[in-house]
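Peer 1: What Swiss-Prot shows for this protein is this:
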type: BINDING; residues: Q117, L118; note: Mg(2+) binding site
type: BINDING; residues: D428, N455, T457; note: Ca(2+) binding site
type: REGION; residues: 377-460; note: region 'Thiamine pyrophosphate binding'
Amino acid sequence: MKTVHSASYEILRRHGLTTVFGNPGSNELPFLKDFPEDFRYILGLHEGAVVGMADGFALASGRPAFVNLHAAAGTGNGMGALTNAWYSHSPLVITAGQQVRSMIGVEAMLANVDAGQLPKPLVKWSHEPACAQDVPRALSQAIQTASLPPRAPVYLSIPYDDWAQPAPAGVEHLAARQVSGAALPAPALLAELGERLSRSRNPVLVLGPDVDGANANGLAVELAEKLRMPAWVAPSASRCPFPTRHACFRGVLPAAIAGISRLLDGHDLILVVGAPVFRYHQFAPGDYLPAGAELVQVTCDPGEAARAPMGDALVGDIALTLEALLEQVRPSARPLPEALPRPPALAEEGGPLRPETVFDVIDALAPRDAIFVKESTSTVTAFWQRVEMREPGSYFFPAAGGLGFGLPAAVGAQLAQPRRQVIGIIGDGSANYGITALWSAAQYRVPAVFIILKNGTYGALRWFAGVLEVPDAPGLDVPGLDFCAIARGYGVEALHAATREELEGALKHALAADRPVLIEVPTQTIEP
């Protein structure tokens, strides 16, 4: 007899969801019974790390990732990480074990009361099946919903007595289904946009994370070159959509209304592709657009298009739209922009290293196709200026700014891309939110490199304290941390690098290793 359990595993197998990220409780054990040999279970010691690892896996692989959380408490533990997954359009299929059906109403221990409401609004769809026989169909719906554009996390609560129930008749059709979705704006709209771009006196391109998510980086380069446009990365960048040493590359826009308007001044047409308009952060009011400028947004997310405070928008598949747009625009006779100058090396004067020096070492030694998982807000600008990123899928940063992303996401990304080297660059304040991911890296021998920038403070908060005129705020420093001791306690090799030479030696060693290595680097505090 085929059961809900066996039918569900067939559906997961059909969609390639054979890696399960989780931390089991009693509600989840029936799901894990007779765990298939062709599946692998990645245990995290805290659900925040579990969701973070799955997020990194989904981002780096471009495929959905499967998560199994423990009831309401485990869901709550993972929701901080879920904020990042939501804003990065990560297709996470999250399941949570529920009490047996007859015990939910009396709110027995581990009953997830009103389970469908718990993860909202951080999921695209949330559901608890009305009966056991509907579990396989609901699981199929969850996978399809997470995968269809705009991609996003979904959540399914499953009572644990459902797994042993008989599967419904016809359940085999679910595993055979294929659902595809791709939309292209109407030809007339594409022709109109192509004409506007071709006639523009001084157009500019602003690219967001969904360009990289669609693997459309090369198309963005073609468009910039054909129209001789400078290319900026949209503010609050969580991915790298454009090669950072290309002549058209201008850098990352600031996350402030006035700052964006100032840097885009002089452009008459702003084309934003694969990004919301815009992901602001610090409050710096001003004009949304420079005088005389128009804006057009191309996005895969109707919500992003609807909530933008200005400009026109086309909603469609990013890669298909860029490909079609390339056919509509005429080549420009303008000269290509001049490439940005490379920043000079900075002299070290003893004491903690400058973050810029750390990034220069990383840039010199990292493989060409390295994947950088970055979680150090105060050093973002210096990193983008000094580390070259060439290939798609080279950079991941917490899309909602939720701390605890870096270490787990680096582990997940390395699991997803075993042939590329993952280098996590994480601040000491951020690292502690996801520190248990080191145990998972050690247990599964995940050869990621973790570089901890140790400045003893929340550097970005230090900067914000100045901006907000709160110089006496408590709780901004994190002294007394020994990351080498912590890493070794979790089973990860750890090295301390206090000079440039020590860092070079440690990084060469880590890159040659077949296991995870953590490098602790005391650094100065700089402004974002």
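Every residue gets a Cβ built from N, Cα and C, even glycine.
From a predicted model like this one, the values you see are computed outputs, not experimental measurements.
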Peer 1: Looking only at DSSP and grouping its letters into three states, which state does L118 (Mg(2+) binding site) belong to?
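Peer 2: In the DSSP reduction, L118 (Mg(2+) binding site) maps to coil.
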Peer 1: Have a look at the binding-site residues (Q117, N455, T457) and report the one with the fewest Cβ neighbours inside 10 Å.
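Peer 2: Minimum Cβ neighbour count within 10 Å, taken over the binding-site residues Q117, N455, T457, occurs at Q117.
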Peer 1: What is the pLDDT of the region 'Thiamine pyrophosphate binding' (377-460) when averaged and given as a whole number?
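Peer 2: For the region 'Thiamine pyrophosphate binding' (377-460), the model's average pLDDT rounds to 96.
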Peer 1: List the residues of the same chain that sit at least 6 positions away from D428 (Ca(2+) binding site) in sequence and have their Cβ under 8 Å from its Cβ, in sequence order, or write 'none'.
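Peer 2: D428 (Ca(2+) binding site) has long-range Cβ partners I452, L453, K454, N455, G456, V478, L481, F483.
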Peer 1: Under a three-state reading of DSSP, tell me whether D428 (Ca(2+) binding site) is helix, strand or coil.
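Peer 2: Reduced to three states, the DSSP call for D428 (Ca(2+) binding site) is helix.
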Peer 1: Beyond the listed site residues D428, N455, T457, identify every same-chain residue whose Cβ lies within 8 Å of the center of their Cβ atoms for the Ca(2+) site.
Peer 2: G427, G429, L453, K454, G456, Y458, G459, D477, V478, T523, T525
Peer 1: For a three-state summary based on DSSP, what are the helix, strand and coil counts in the region 'Thiamine pyrophosphate binding' (377-460)?
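Peer 2: Breakdown, helix to coil: 37 helix, 15 strand, 32 coil.
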Peer 1: Cα distance, L118 (Mg(2+) binding site) to T457 (Ca(2+) binding site), nearest Å?
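Peer 2: Per the Cα atoms, T457 (Ca(2+) binding site) and L118 (Mg(2+) binding site) stand 33 Å apart.
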Peer 1: Below 8 Å Cβ to Cβ and six or more residues apart, same chain only. Which residues does that give for L118 (Mg(2+) binding site)?
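Peer 2: Looking at Cβ-Cβ distances below 8 Å from L118 (Mg(2+) binding site), excluding near sequence neighbours, one finds A72, T75, G76, N112, S126, Y155, S157.
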